[in-house]
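Please read the structure below before turning to the comments.
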Amino acid sequence: MTQAAMERRQVLTFLGALAAAGFVVPRVALANWDKTAFDAKTMDDALKAFGAGAPADSGDVQIIASDIAENGAVVPVQAVSKLPKTERIAILVEKNPNMLAAAFDIGPDTIPEVTARIKMGQTSNVMVLVKADGKFYATAKEIKVTLGGCGG
Amino acid sequence: MGNPMKIRASAKDGVTEIKVLMSHEMETGQRKDASGTVIPAWFINEVTAKLDGKTVMQAQWGPSISKNPYLAFKVKGGKAGDKVSVTWVDSKGDTRTDEATVT
Amino acid sequence: MKHAMKHAAFLAALLLAGPALSETKVAPSWGPGADDAAFTRMLAASFKDKGIAKIDRLTQDETQAFCSDPEAAASPAAAEKRLRIEAANLATVKWPSDGKWLGDWKEGEKIAQSGRGNTWTDKPGEPNGGNCYNCHQISPTEISYGTIGPSLLQYGALRGRDEETMKAAWAKIYNAKSANACSNMPRAGHMGILGETQIKHLMALLFDPNSPVNAQSNSAKSGPAQ
Amino acid sequence: MDRVSVGIAAFLAVSAAVATAAYAQQKDAAQEGIEAYREALQDGNPAELFELSGEELWKTPAGPKKDSLEKCDLGLGPGVVKGAYAQLPRYFADTDRVQDLESRLLTCMETLQGKDPKPYVEASFTAPPKEEMIALAAYVSGQSKDDPITVKPKHPKEQAMYDLGKRMFYYQGGPYDFACATCHGQEGTRIRLQDLPYIPGQKGAAAGWGSWPAYRVSSGQMWSMQWRLNDCFRQQRFPEPVYTSDATIALSMYMAANASGETMKTPGIKR
């Protein structure tokens, strides 16, 4: 057996063990999807899963979003980091059942500004968490979710 | 699998802006259908974007990303004619890749 | 009053039939003098029963028929008829059976918030909402309110709580056409949208001194945080 | 804060301009927030995904005749899609009817592809046959984006349709006494925080007519004009309008003709 084949076999065994342990293994292996972080039900747990502990408030982290969302199903959010060596940007919604909405790995050529659209079950603080040069920074903003339409 | 994405990429002053619309239900797993049965979670959980073959963005998503997701970001470098490719993988293991040319 | 309603119906029929009123300066293809047969044919062919919403809902009563030609209804010539329609609607008002005007404002707030009920996707038997916030500003804390109707902020505090004021508010909620023949507001009691207890709760939302509607001086602080 | 002035201002429905201090600020902040929200939605309208699938449906042979819709005459001649939606509804001699986009699509599906329109008419708006109609409507309407709305009833049947539409607009019924006009017959009002287009006026008619079909963020669904009207009647507590029935086409003619001269902004994106 070649070295490469052996390594491959070890990987397969590892995936098999995960499957046996009850993990769902998708057809395409996911490089980064962090189940612990996405399953976190409290802000502390979510931050812990990131290894963030207590991130420092930073004016260099910005969250660009309207103060009010006409509908919680689609809330446009732009997350911006002005910090050098930004590696990761995450968007968290405090009052959602699962806090973490998205995490973006920022490559060296990528400008640390990402726009996404998130769901919000109710009015809540939305937090942008940034990992830059190994340290964590954050900022938060309240977005009001209004009841719209005729309610019928 | 899945329906095509709509990818727009444009280069200006040494920066390429990439905008992607994806067709996906993004089911949270918390909704019920008319008969009261929980609709199982089903959402895109990884997105990878490449510019000229080089990975420039990797995103991990949870079910709190809106249905028919939109993602926009900017990359240093890139020029008209470069290829952009975007791949998503969802929680059922389905995947789809689409390409576009930078304008 | 029954007689007045019958009379109104007769007038409405005349209005729709047209020829007698052909001197009004409305385009003959619409309003009085219009080709009523074509319109009736279109209605019949275009709608179908769905859920609790049956096609008989298209059959108008005299108030609806009168108000479906707003220009004619608002004209000086129709002044007398407007008064007759208002009187006929006022006569339908059922006053509180125990003589008490006010219920629980907290329940009233819930009813005011809800827009549920009476559509073809609603099931029969479930309580209807009042749809109030769709058109009115009510509690200062709810920023998502409509503007088709006037603001009801400080309703009781501004108007007082004497018998006449309460009676007028009750009549307005029970049958809005009693005060204004072609008001945009539904006739909540008359049409069976809300029951007596629900109307009492809405009355409390408007009049109870503890209702947020009448809250003192917190209006300045209660706007959006930013 | 002068309470009396607030009461009067609200009564006159000009409170935004007149009312002072707190209430005015509160209203402005909420409305500014909503406007910023709508602005943020404009970039990246998922309706584009439906335009893509509609274009594919348009070009793919289907039905018993195994033909595409590419020769469909939407009013500007067979095969002309660009600009066609901005000039609908209109009278078509071959059917001797005034038709909106969706009824005309049904005609083409029947004549070119040999399809039976019945299942398309009867299916619910979330069922596959209607999904096809909606995708096609998204595609065709997108080909009139930024074009001037040009609908001027000339043919007697177009004029009759306009008049019927106007009458339908003001027709009250149901347990709530609602007509279209109840919500769309006054200028500058809103339901909750949603501005209500004033349909009898040109700008308001365009705000309504000119932005459907639209992607609805609240449901994540693409809605055609027929679906929009259907749900208006639901909320009006009316019985259900038949898909592409004359009442819906008459209302469409009333809106489109009132909006004529303004700009098509289709497909739109809405709450």
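Please read every residue number as a count from 1 along the shown chain.
Backbone N, Cα and C define each Cβ position, glycine as well.
All protein chains shown were included, and the count of other CB atoms within 10 Å of the CB of D:C232 (active site, cysteine persulfide intermediate) stands at 19. In the three-state DSSP classification, D:C232 (active site, cysteine persulfide intermediate) falls within a helix. According to TrEMBL, the feature active site, cysteine persulfide intermediate maps to D:C232.
TrEMBL lists D:C72, D:C108 with the feature heme c 1 binding site. Long-range neighbours of D:C108 (heme c 1 binding site) (same chain, six or more residues apart, CB within less than 8 Å of its CB): D:L69, D:C72, D:D73, D:L74.
Secondary structure from DSSP puts D:C183 (heme c 2 binding site) in a helix. With a cut-off of 8 Å between CB atoms and residues at least 6 apart in sequence, the same chain places D:T189, D:I191, D:L196 near D:C183 (heme c 2 binding site), listed in sequence order. The heme c 2 binding site annotation in TrEMBL covers D:C180, D:C183, D:H184, D:C232.
Marked as substrate binding site by TrEMBL: D:R228. Long-range neighbours of D:R228 (substrate binding site) (same chain, six or more residues apart, CB within less than 8 Å of its CB): D:W212, D:P213, D:A214.
The domain 'Cytochrome c' annotation in TrEMBL covers D:54-149. Mean per-residue pLDDT, taken over the domain 'Cytochrome c' (D:54-149), amounts to 98.
Taken from TrEMBL, the feature signal peptide applies to D:1-24.
Residue counts for the domain 'Cytochrome c' (D:54-149) by DSSP state, with H, G and I taken as helix and E and B as strand, are 42 helix, 11 strand, 43 coil. You'll find the Cα of D:C180 (heme c 2 binding site) roughly 8 Å from the Cα of D:C232 (active site, cysteine persulfide intermediate). D:C232 (active site, cysteine persulfide intermediate) and D:H184 (heme c 2 binding site) have their C-alpha atoms 11 Å apart, to the nearest angstrom. The Cβ of D:H184 (heme c 2 binding site) has 21 other Cβ atoms within 10 Å, all protein chains considered.
Taking the mean position of the Cβ atoms of D:C180, D:C183, D:H184, D:C232 as the heme c 2 site, the remaining residues of that chain whose Cβ falls within 8 Å of it are D:F169, D:F178, D:A179, D:A181, D:T182, D:G185, D:L196, D:I199, D:Q236.
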